[in-house]
């Protein structure tokens, strides 16, 4: 960034970053590199980088002793950014020292202080047209939008509009100016209060505004959620009662859900009753319908981007309601298309519901919601949290997927929620299989929400059958020795060809051999023994040629298996068919070759006897 305008007083906010004076650039990099946290180069990277992968590259430069700020500004300058753009970013960071440094170099710049009254409010069309689905109650006609005090009209049975009795003053009086005693929930950027207005309970979602520089960021997320709730209506999407932008307060008003979140009911928070399997599958189907409806809206699909068990509310009839659309995005209905977004440093807990392509590259698509919904299915089946407490720092998804790959689908059945009576195996196996496909590592391997909903609806009837239909053994895998803990015992097939049958010691082949319960076994193949002592003569040969008719009649002598002085082996050649008394394997006699060169057959021995 060689400076062609090095004289002070000659700098303009429209000056490109490539023309930034080297002295000013060096001092600016020194200030940002010396700071840690949000005022350092990391805080600058959160606003200039497209994904966390770019931040990782900058970290490598920093580890090599280079300036992270210089690398960031160099990459950003290639987008034709100006000094004025840099000052806007520094103002958003709240870095007054860096701002004063640039201004002291002669840059005439007036900071733009905007409030929410000056920000453009979205203009909604008089009539919103979208694809009418089976459960779609019809298009919603948004009310006239103003900035000071906006009320969202409700719909009666005929679909006409009627005003609500909610006012911002009634909310202030009902919550005593948002006192902590009425706080019932809290998120990353909002707080939830309960208020009773005219014998009706409501939940007020108040966006946090601790600093003025956060207002712009929260305003965008406020508009994102507001736009989704105004444009789209569904029985399983939480309806909006009212919203306000009053005295720098951004709040959304919803009907109060008495049964709380799905996460709290699965964890039985405050001693609540566990949900039955019938309720759980009904909740999954309802949320799948809501997500599928948003994915198929026209002309743009809606990506929720924040599907989790904590964002699923249950009403007094245990009907699910999907909520929290602050991270929603609109994109054209192209099946193979995905978009890249800027990630924020917050929401780390929700990252457990996000796939790898979002965490690494910030890629967002409809398959992102499918992945998050698959995690919710695993929570519903097991009743566990996304990150298990014991063992620590183990994700539920990784544990179940590893079990499926190592031991098969049936190994996951031991993790079913034990707080309620067990469900049929066929029902749980189908849900585990569906969850495994939803949380596949590659996005192209995940099903669409249409396929997920169809699979859930076809699985629901199997819950009402007490007996499971017969299944093939091919679906049952042999376990790995590394995964034999806390899982039902599974028979392991043993290959006799891999067993090395060595000569037993004398202590084992002595008198204890008669009382041994497990007989020795050998395959019908060529068997080689060490040569017997030639000094035994014919007596040893005759004894060796006798084949015991039963394992209980065997009487082994230690001397019979003692190795001879020469190393020539004694080979017993078994024909393709031979017969043992009491067993009919064939009629061909067995021939034995002894170390002394004598040949004898079973037939000849019978004649001698």
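Backbone N, Cα and C define each Cβ position, glycine as well.
According to Swiss-Prot, the protein has these features:
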BINDING   184-192, 205, 308-311, 324  ATP binding site
DOMAIN    41-106  domain 'Death'
DOMAIN    178-463  domain 'Protein kinase'
MOD_RES   110  phosphothreonine
MOD_RES   480  phosphoserine
SITE      110, 111  site 'Cis/trans isomerization of proline peptide bond'
For the binding-site residues 186, 188, 324, which one has the sparsest Cβ surroundings, going by other Cβ atoms within 10 Å? 186
Sparsest Cβ environment (other Cβ within 10 Å) among binding-site residues 184, 192, 310 belongs to 184
Cβ neighbours within the same chain of residue 308 (ATP binding site) - under 8 Å, at least six residues apart: 263, 350, 353, 372, 375, 376
Which numbers of helix, strand and coil residues does DSSP report for the domain 'Death' (41-106)? 50 helix, 1 strand, 15 coil
